[in-house]
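Asker: I'd like to ask you about the structure that follows.
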Amino acid sequence: MADARRGWWLGLLLVVTVWGAPGRSQKWLEDLDDPEYRRDGSEYSVDIRMPDVSPEKHDTYLCYKVPLDQKEPSYIVGFEPKVEDHAAHHILLYGCEVPGSADKDLWNCGEMSGSTIHPTCQQGAQILYAWAMDAPELKLPKDVGFKIGGNTDVKYLVLQVHYNDVTKFKGGATDESGVGLRVTDTPQKYMAGVYLLGVGAGAIPAHSTANLDTACLYRDEPVLHPFAFRVHAHKLGAVVSGYRVRQDKWTLIGKKSPQRPQMFYPVSDKTLTIKNGDILAARCSYKSDLDHTVRIGATGSDEMCNFYIMYYTTSRRPLEQNMCFRAGFHWEGALQNIPEEADYP
């Protein structure tokens, strides 16, 4: 079965490689019961890379789509960044029901919000993986995987790469940055997912410290078990923190400086769950010594505020809402018992 399934990846001209030596990996993502990882012959590796692109403008976002097998599902159980000469500012891997471009495999997908003519996904966007700032490979816990293809809503994988500085391409250089996937056809006991908290608009005044907040009520029925988190901000970011709020009690999911490698880190409390009626909240704290205001935006000179929650669940259906973006929102005007340490590393 596995040999037959490998064929459709090869048919897409993707490079099937041997998973490398562990090296600097995130082995702390341990098994739900004990720290053992799958290393059997039922897994194989697939590289999804940009097809020798040469972006011409700074802060270009390019997307590349890969159709998936609609007959049988596969399960992603690991990710390895494939970044060439620091060409990429950040990389996102999406699962899409309908990709942003119907007639092109490669397109300019503008900013993350999808406000351009050709967004990353036209329908059914799910973030599967994110990379920035020299983050290492990521291995999921035992029995946990992202289900793709088959009868799922993930009909395509779409690789999005942000090229902040394109100076290196002026002389004709090209880039094949992307993500290596560890894949198995063996059904996994738990389904993995990513919930993204973000700020859609905001500003950091000159010579100031400032906070930008977001929060949403979790309304879905599946119980989520967070096992990792990731933060993202640009040069002014000091710390990004995420919380679950239940009956006005705040429980830390994770907190990290975005100036450290922007990898997925282990959650603070492995017994933490997210249930219907909980509030998910995130805060980005900034410190600016600049002489001008910096706003939330898509370029390297703008700022961002993102908090990713990677979770597993026993549910086989995708969440109705897997993103929470707010603008002009402040915790102090909506929430009680805000922890004082949220602003500090």
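Glycine is treated like the rest: Cβ placed from N, Cα and C.
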Asker: Quick test of reading the record: TrEMBL lists a disulfide for CYS305. Which of CYS216, CYS284 is on the other end?
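Answerer: Checking TrEMBL, the candidate bonded to CYS305 through a disulfide is CYS284.
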Asker: Going by TrEMBL, tell me which one of CYS63, CYS96, CYS121 is disulfide-bonded to CYS109.
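Answerer: When TrEMBL is consulted, CYS109 turns out to be bridged to CYS63.
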Asker: Taking TrEMBL as the reference, CYS216 is linked by a disulphide to which residue in CYS121, CYS324?
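Answerer: That would be CYS324, the partner TrEMBL lists for CYS216.
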Asker: If you compare CA-to-CA distances from HIS232 (Cu(2+) binding site) to each of the disulfide-bonded residues CYS63, CYS96, CYS109, CYS284, CYS305, which comes out shortest?
Answerer: CYS305
Asker: Rounded to an integer, what is the Cα-Cα distance in Å between CYS216 (disulfide bond) and MET304 (Cu(2+) binding site)?
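Answerer: For CYS216 (disulfide bond) versus MET304 (Cu(2+) binding site), the Cα atoms are 18 Å apart.
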Asker: Report, as a single number, how many Cβ atoms besides its own are within 10 Å of the Cβ of CYS109 (disulfide bond).
Answerer: 27
Asker: Can you tell me how far the Cα of CYS324 (disulfide bond) sits from the Cα of HIS234 (Cu(2+) binding site), in Å?
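Answerer: Distance (Cα to Cα, whole Å): 19 Å.
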Asker: Measuring CB to CB from CYS284 (disulfide bond), give everything in the same chain under 8 Å that is also at least six residues away in sequence.
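Answerer: For CYS284 (disulfide bond), the qualifying residues are VAL199, ASN211, LEU212, ASP213, ALA233, GLY237, VAL239, VAL240, PRO258, CYS305, PHE307.
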